[in-house]
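K.L.:
There's a structure below that I have some questions on.
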Amino acid sequence: MKTWPAPTAPTPVRATVTVPGSKSQTNRALVLAALAAAQGRGASTISGALRSRDTELMLDALQTLGLRVDGVGSELTVSGRIEPGPGARVDCGLAGTVLRFVPPLAALGSVPVTFDGDQQARGRPIAPLLDALRELGVAVDGTGLPFRVHGNGSLAGGTVAIDASASSQFVSGLLLSAASFTDGLTVQHTGSSLPSAPHIAMTAAMLRQAGVDIDDSTPNRWQVRPGPVAARRWDIEPDLTNAVAFLSAAVVSGGTVRITGWPRVSVQPADHILAILRQLNAVVIHADSSLEVRGPTGYDGFDVDLRAVGELTPSVAALAALASPGSVSRLSGIAHLRGHETDRLAALSTEINRLGGTCRETPDGLVITATPLRPGIWRAYADHRMAMAGAIIGLRVAGVEVDDIAATTKTLPEFPRLWAEMVGPGQGWGYPQPRSGQRARRATGQGSGG
């Protein structure tokens with residue numbers, strides 16, 4: 001496999017970047033559109049949808065279940081019924097949202113549906129969701145990929161207890177389909193911790209936007225009443241998690257990066273993202289339709305609990321590795337990342353140490369002591385976030401090569417182009433002002449149709 005030489009920015013990066021739509025919001029909107037269509041409410045439109053491997057897998061899954069998806073690029077329409085054909089088989093790839101959101105949908109069908117995925121996906125946690133479906137009366141063969149869901153045309157619902165310590169997607173997957181259950185659904189989380197809670201809040205917010213009656217006022221308990229799921233137009237926000245890699249470029253280079261389309265009010269965990277950037281002495285400026293981050297001249301190590309936003313861990317670990325030499329950062333609340341696309345804690349520790357850094361695992365996180373890094377290969381482990389972390393390291397360390405930049409197709413197929421356009425031909429442009437006759441670079445992922 002050909003490696004990707006990560007561009008280096010010997011001077012501060014100055015750029016405006018447009019990132020495509022949110023993967024998390026796109027796939028939730030697609031599931032809700034499918035449920036609305038299956039209830040006979042009509043077609044829904046998704047505008048600004050992300051087109052990436054994860055969302056293509058979701059589109060394929062819905063079509064496998066018998067639904068119809070029309071449109072090109074980022075404008076999609078979902079209609080039809082849940083009527084899977086004989087031998088229906090859903091490919092989950094490495095997409096956790098497909099793996100955990102689609103089985104409850106399949107339970108509403110009337111024929112068995114087999115689920116499988118990439119070899120690497122077979123280690124991802126799924127048993128608690130399958131056990132919950134069994135508790136609700138669904139026949140399920142298997143405890144992990146591959147498994148088979150035997151739909152019988154309806155699902156009574158009721159109350160289910162589930163340990164979602166390994167993934168908040170277990171809860172979201174049940175809640176998304178719950179309004180179509182005869183008696184609705186009450187979900188009680190029984191585990192000691194709940195990672196990525198803002199993503200459950202996103203699910204609840206989008207259910208309300210679809211007219212679903214959901215009560216999440218009691219911690220670790222959610223109640224969805226049976227009723228209609230409205231067909232509607234979904235306008236997808238830019239993917240703020242993907243934007244963090246680009247904003248990190250401003251932090252590590254002392255430059256300025258502006259993200260277009262940053263929402264004033266978001267269903268994504270925007271506040272958590274901005275709090276981390278401010279902790280690193282970055283200046284965050286909101287405009288009407290953008291967010292600008294001005295990086296510091298330097299920053300020390302930091303302590304941060306990433307339980308709510310574990311997806312940010314690879315980017316934050318890269319920032320920690322590039323902090324002031326000798327300073328120590330502690331990343332906590334992320335034990336669940338051992339069950340993500342790869343064991344992200346082990347992968348980050350291995351790769352930072354491979355480049356001469358000092359990183360060790362703890363029971364629920366990482367401790368990183370910033371030391372000068374050297375050139376070398378950064379392995380991505382087929383993980384999009386790991387590939388992006390290698391790109392961040394490469395901004396400051398010449399000679400870093402990412403072994404599998406194509407892993408970014410999972411959520412951002414345009415990443416290599418956007419990154420190169422942001423950095424420019426071998427270097428960034430100075431902050432606070434570009435040189436005479438020059439303008440800040442602009443990188444956009446819109447209109448690609450991905």
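Glycine is treated like the rest: Cβ placed from N, Cα and C.
Small disclaimer: the values here were computed from a predicted structure and weren't measured.
So Swiss-Prot lists these for the protein:
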type     : residues                                                            : note
ACT_SITE : Glu311                                                              : active site, proton acceptor
BINDING  : Lys23, Ser24, Arg28, Ser167, Ser168, Gln169, Ser196, Glu311, His340 : 3-phosphoshikimate binding site
BINDING  : Lys23, Gly96, Arg124, Gln169, Arg344, Arg385, Lys410                : phosphoenolpyruvate binding site
REGION   : 426-450                                                             : region 'Disordered'
K.L.:
Inside 10 Å of the Cβ of Gly96 (phosphoenolpyruvate binding site), count up the other Cβ atoms and send me the figure.
P.N.:
26
K.L.:
Within 10 Å of the residue listed as 'active site, proton acceptor' (Cα to Cα), which of the binding-site residues Lys23, Gln169, Ser196, His340, Arg385, Lys410 do you find?
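P.N.:
Of Lys23, Gln169, Ser196, His340, Arg385, Lys410, within range: Ser196, His340, Arg385.
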K.L.:
Starting from His340 (3-phosphoshikimate binding site), work out which of the binding-site residues listed here (Gly96, Arg124, Gln169, Lys410) have their Cα within 10 Å, and give them in sequence order.
P.N.:
Gly96, Arg124
K.L.:
Taking just the CA atoms, what is the gap between Gly96 (phosphoenolpyruvate binding site) and Ser196 (3-phosphoshikimate binding site) in Å?
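P.N.:
With the alpha carbons as reference points, the distance is 13 Å.
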K.L.:
Taking Cα atoms as reference points, rank the binding-site residues Lys23, Arg28, Ser168, Ser196 by distance from Arg385 (phosphoenolpyruvate binding site) and give the first.
P.N.:
Lys23
K.L.:
Quick one: of Arg28, Ser168, Ser196, which binding-site residues lie within 10 angstroms of Lys410 (phosphoenolpyruvate binding site), measuring between C-alpha atoms? Sequence order, please.
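P.N.:
Those near Lys410 (phosphoenolpyruvate binding site) - Cα within 10 Å - do not exist; the answer is none.
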K.L.:
Round to the nearest Å and give the CA-to-CA distance linking Ser196 (3-phosphoshikimate binding site) with Gln169 (phosphoenolpyruvate binding site).
P.N.:
9
K.L.:
Closest of the binding-site residues to Lys23 (3-phosphoshikimate binding site), Cα to Cα, picking from Arg124, Gln169, Arg344?
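P.N.:
Nearest in space to Lys23 (3-phosphoshikimate binding site), counting only the binding-site residues, is Gln169.
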K.L.:
Rank the binding-site residues Arg28, Arg124 by the number of other Cβ atoms within 10 Å of each Cβ, and give the residue at the low end.
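P.N.:
Comparing Cβ neighbours within 10 Å for the binding-site residues Arg28, Arg124, Arg124 has the fewest.
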K.L.:
In angstrom units, rounded to an integer, how far apart are the Cα atoms of Arg28 (3-phosphoshikimate binding site) and Gln169 (phosphoenolpyruvate binding site)?
P.N.:
11
K.L.:
Near Gln169 (phosphoenolpyruvate binding site), how many other Cβ atoms are within 10 Å of its Cβ?
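P.N.:
Result for Gln169 (phosphoenolpyruvate binding site): 25 other Cβ atoms within 10 Å.
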K.L.:
Counting only residues 6+ apart in the same chain, whose Cβ is under 8 Å from the Cβ of Arg344 (phosphoenolpyruvate binding site)?
P.N.:
Thr313, Pro314, Ile334, Leu337, Arg338, Asp383, Arg385, Met386
K.L.:
When neighbour density is defined as the number of other C-beta atoms within 10 angstroms of a residue's C-beta, which of the binding-site residues Lys23, His340, Arg385, Lys410 has the lowest density?
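P.N.:
Output over binding-site residues Lys23, His340, Arg385, Lys410: least Cβ neighbours within 10 Å is Lys410.
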K.L.:
Let me know how many other Cβ atoms fall within 10 Å of the Cβ of the residue listed as 'active site, proton acceptor'.
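P.N.:
Counting Cβ neighbours of the residue listed as 'active site, proton acceptor' within 10 Å gives 24.
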K.L.:
Just checking a number: largest C-alpha distance across Lys23, Gly96, Arg124, Gln169, Arg344, Arg385, Lys410 for the phosphoenolpyruvate site, rounded to a whole Å.
P.N.:
19
K.L.:
Give the helix, strand or coil assignment DSSP yields for the residue listed as 'active site, proton acceptor'.
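P.N.:
The residue listed as 'active site, proton acceptor' sits in a helix per DSSP.
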